[in-house]
Amino acid sequence: SPSSPTVFPLVSCESPLSDENLVAMGCLARDFLPSSISFSWNYQNKSEVNQGVRTFPTLRMGEKYAATSQVFLPPKSVLEGSDEYLVCKVHHGNTNKDLRVPIPVVTEMNPNVSVFVPSRDAFSGPAPRKSRLFCEASNFSPKQITVSWLRDGKPVKSGFTTEPVTPEDRGSGPRTYKVISTLTITESDWLNLSVYTCRVDHRGLTFWKNVSSTCAASPSTDIQAFPIPPSFVGIFLNKSATLTCLVTNLATYDTLNISWSSRSGEPLETKTKLTESHPNGTFSAIGEANVCVEDWDSGKEFVCTVTHRDLPSPQKKFISKPREMNKTPPAVYQQPLAREQLILRESATVTCLVKGFSPADIFVQWLQRGQPLSQDKYVTSAPMREPQAPHLYFTHSVLTVTEEEWNSGETYTCVVGHEALPHMVTERTVDRSTGKPTLYNVSLIMSDAGGTCY
């Protein structure tokens, strides 16, 4: 005789639940007769789930039948959606049954936020001298997070870059993540007591960390280590990748040891540099090691190990080049000086606009007749997000030369280096007579003293 099905929910057995893989949910119907049965899925708001649904063939179990239906949800739907369950709708003959299948929950962990305060001698370069603030959010889950900066309570819209979120190496237990954001600041703003705020938004909560040269918001006294990836400028000019490990909040340099190694344990030659004291009475140090560009680009993982008598155990920080990084080469446009400048017989200004690139790390240099110009001749802005394409960046570099140099027919070349370019470099050259971009040999600016891989 006909028998209606008994319906059971099926949920993922994966523990801890990952926020990177598809989340599986299912519905089991058993002990029904005859064998004809169908399934459908609805969201909590009753709209139909029309993707990721898979229904398996009916199986005979003794004198009756069983069948299952499975649905795969993208992690974003689980992490950012408001649904607490899906509805499995079972249709068998004249019988319809609805079953609520709870959506698994990813373990939520709030981020730990810390900001590194630069030392007095950390500012360098032509006026205005600059340094960087580092904001690290660590030990958080799930992965979705936003980091932004404020200066004196007002949002900072440019001059900072945020690295891709990376998983932490915790072994067992819930998967956690970390992210580092870097803000470029000027020495004058820092000494004028500007208050900088790192704002971290995660799962509807906001976390703040304020810093200034007065240390109004006292930083943590715990020793902190920050692994800093190689810059493209260093790779482009020196043909080697420099790993940097920044150690902060040191009460003393005594017993400090910073060492780099590969994930397999192979030690790397590490040079340690010490800094002067910070306004809050602590010290900082950095440990640098050069590795082959090929090893870095391949995604090989490296470890910074810090030991100090104030640490209960060695502190290890892992770093590797993100593999999921979106790479887009830049478009380069050179704009000659305006006619109004020539009429006024002022100094000549040439602009190089670099657009639509990713990642944000980029190198811009100016040449005169193929020779590098001094950095005090030009100013390059920090990469900023494209207004209409926030996953891409743009920057511009402004070169100023004398009217005599421009009128003499000197050629000026804007050289742009970026890892997504076919040969990592492109250039545009302009002069008074042509005003049109031409090619120039840029090999003179590249160092031959880089590291060699064996």
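Note that Cβ sites are derived from N, Cα and C of the backbone, with glycine treated the same way.
As given in Swiss-Prot:
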REGION    1-105  region 'CH1'
DISULFID  Cys27-Cys88  disulfide bond
CARBOHYD  Asn45  N-linked glycosylation site
REGION    106-218  region 'CH2'
CARBOHYD  Asn112  N-linked glycosylation site
DISULFID  Cys135-Cys198  disulfide bond
CARBOHYD  Asn192  N-linked glycosylation site
CARBOHYD  Asn210  N-linked glycosylation site
REGION    219-324  region 'CH3'
CARBOHYD  Asn238  N-linked glycosylation site
DISULFID  Cys245-Cys304  disulfide bond
CARBOHYD  Asn257  N-linked glycosylation site
CARBOHYD  Asn280  N-linked glycosylation site
REGION    325-454  region 'CH4'
DISULFID  Cys352-Cys414  disulfide bond
CARBOHYD  Asn441  N-linked glycosylation site
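Look at Asn238 (N-linked glycosylation site): DSSP puts it in a helix.
Checking Cα-Cα distances from Asn210 (N-linked glycosylation site) against the recorded positions (Cys198, Asn238, Asn257) with a 10 Å cut-off leaves Cys198, in sequence order. Separation of the C-alpha atoms of Asn192 (N-linked glycosylation site) and Cys198 (disulfide bond): 18 Å, rounded to the nearest whole number. Residues near Cys135 (disulfide bond) in space but far in sequence (CB under 8 A, at least 6 apart, same chain), listed by position: Val113, Ser114, Val115, Phe116, Val147, Trp149, Ile180, Ser181, Thr182, Leu183, Cys198, Val200, Lys209. Cβ-based neighbour count (10 Å, all protein chains) for Cys414 (disulfide bond) stands at 29.
DSSP labels the residues of the region 'CH2' (106-218) in these numbers: 8 helix, 56 strand, 49 coil. Between Cys88 (disulfide bond) and Asn238 (N-linked glycosylation site), the C-alpha separation comes to 60 Å. Ranking the glycosylation sites Asn45, Asn112, Asn210 by other CB atoms within 10 A of the CB puts Asn45 at the bottom. Across the region 'CH1' (1-105), DSSP classifies residues as 6 helix, 56 strand, 43 coil. With respect to their backbone Cα atoms, Cys245 (disulfide bond) and Asn257 (N-linked glycosylation site) stand 11 Å from each other. When the recorded positions Cys27, Asn45, Cys304, Cys414 are ranked by how far their Cα is from the Cα of Asn112 (N-linked glycosylation site), Cys304 comes first. Per Cα geometry, Cys304 is the residue among the recorded positions Asn45, Asn238, Cys304 nearest to Asn257 (N-linked glycosylation site). Closest to Cys414 (disulfide bond) by Cα-Cα distance, out of the recorded positions Cys27, Asn45, Asn238, Cys304, is Asn238. Spacing of Cys352 (disulfide bond) relative to Asn45 (N-linked glycosylation site) is 52 Å (Cα to Cα, whole number).
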